[in-house]
């Protein structure tokens, strides 16, 4: 029985606090590394004690496992001035986060700063397949060289060995690594670098064997996406080489996030000792894989959902796998989750506030591990050995299926009555645009922000005190109004054209709304990693969704009362609420999304009635829900766009609908972006030098666009000239009348010391370009 990978963050988010302490200069690297070592040891011991037989190592990362691989193979971009040897810690973090020029800015001094990439922008970051986890995108050139530059996989194996725990090291596969990479050279496919990369992997496998490893897990999730023939050939080539590098070291190729599809033959013909398949996302492939795979192959069955929080129906799973198990040597069947459990919270036992019935329907990483053990014991010892556990599992599934917390006839009836007219604006964009232009009278290149401002320690402290009952609502409201007023006055002072209230009342852009909607449940400690030290607590959609009362009206009214400038109403869109939640698995996602869209539609209507003339409906996560296979895209995009429009179209032509998207590559879904028909879309483009705008120009995208002109995920403060250059790049691609100027995402996670100069520079850059355009 294997776990493939487990959460890295620590039960009390120890990794987050250690990282942020190091980055702020409050603690040395030694403290960070000691915390990381303690987290690894605790994780290994817990898995061992729960009965896991194949415990992973090297699944831990200080920031991101793809970035770890970049460091491991020496693929550090030239701008970070690393040459050889082990990649230093500050170079590692500079690749992830960027950094300022001054050593004092990160609190470290001396040789920790020598030639370690300070003052440089971070590498690009994007979604890990179709999850809400982010990875750092490798940057590879056609003359790229590789060298083993980090012994982390070996070090972690030996670390566990010293504790008396034998582990199975986990590596990101070489083909997936290259498939995820990008190159500055147009037309160059990084897959061509495979012959240069493989010697690094071969050396690493030899070192792992010498250290005492008998198995290694190599993750190749690229096998569930569309591959071209040369990429399939690359997989065969790679594993023919790797299987011979250390012949006594057995390789388990782990494939997850979906069906093998037309890559099935490639996968089962790889010359490896084991193959892991995802039977949660693709249960239909069980029979085919079992029929075609060689019987000397160790078959790892991904039976427990590694991406969602629902308790499994264990008797049903055993019934389903009975035919394959009956025809396969039992010592060659491995029970596992569908994928690494990186994507779920750590332990349900920490949750003391959940209703008992709801809690009985759930399973986090610890409970999923126990479920795996039960399944493994049922196969090895017979069902009678775990009869009590199987009965409890079946009872929980039956209770959930009939619960009144799950089913609301009023919601189901409203969804059934949705009409096509409810998903269309009254007039076309050109009509709306003229009316909105006359209404607002904004200058060219209008400036705004995405919505949130820094959540300072004082803001978090006040929210926590209110949640604990230590701060009355009257006092909490007064505190928030003071924060909102200060933010509005400061925005006016620096000359922003369209303002926001700052979202100080919001803990999270999804959770804030979910807490006010019926059909959701919430955790106290259900944190999962989004990227680096950014952890989120996704709400859980347990039943039919509906809005009970207005959710944002009070705060918007107050902010707008302070200024004659327009203040945007700020909402999270239905697709993002869906994709950033743990979604019920008893309904199609499209049906759940329509329920959420109707709730947001009600809020949009109330905002407009109250006088809001600009309403932003963020769909930051629209693309991440895109299926991994292109053949499945259109069906998803059809209902996702329908849900956005259902949420946004109950307004008059003079009301301007904004939306925001981040972290995404949109070139392949530009039709859907246009079909959303938002009046203004703001997008994340700063890390990729506005590449997306080329696609929008080719498409002749008609509506207004705010390309992000500085990267908020980095602590760097961009100079006026840097921002001006990006605006000029945008002008070469789109008409001046289409362009807005804004950061590429919300500013919640940044410090005011970073935000203030950055936004001042952004406004100055917009004014300079405005003047240049007027005198041209």
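Glycine residues also receive a Cβ, built from the backbone N, Cα and C atoms like all the rest.
For the L-methionine site, Swiss-Prot gives 450, 451, 452, 618; the one candidate out of 493, 503, 505 that the record lists there too is 503. Record check: Swiss-Prot places 660, 662, 684 at the Zn(2+) site, and the matching candidate among 593, 745 is 745. Going through 44, 82, 580, 639 against Swiss-Prot, the one listed in the 5-methyltetrahydropteroyltri-L-glutamate site together with 13, 14, 15, 16, 127, 624 turns out to be 580.
Checked against residue 14 (5-methyltetrahydropteroyltri-L-glutamate binding site) by C-alpha proximity, the binding-site residues 451, 618, 745 yield 745 as the nearest. Of 15, 127, 451, 580, 624, all annotated as binding-site residues, the residue with the shortest Cα distance to residue 660 (Zn(2+) binding site) is 451. Within the set of binding-site residues 15, 16, 503, 580, 618, the entry lying nearest in space to residue 684 (Zn(2+) binding site) is 618 (CA atoms).
It is 660 that, of the binding-site residues 16, 127, 660, has its Cβ surrounded by the most other Cβ atoms within 10 Å. Spanning the listed 5-methyltetrahydropteroyltri-L-glutamate site, residues 13, 14, 15, 16, 127, 580, 624 have a farthest Cα to Cα distance of 28 Å. Spatially close to residue 618 (L-methionine binding site) yet at least six residues away along the chain are 450, 451, 509, 570, 571, 572, 573, 576, 659, 660, 661, judged by Cβ distances under 8 angstroms.
Using a 10 angstroms CA-CA radius around residue 745 (Zn(2+) binding site), the recorded positions that qualify from 15, 452, 503, 624, 713 are 452, 713.
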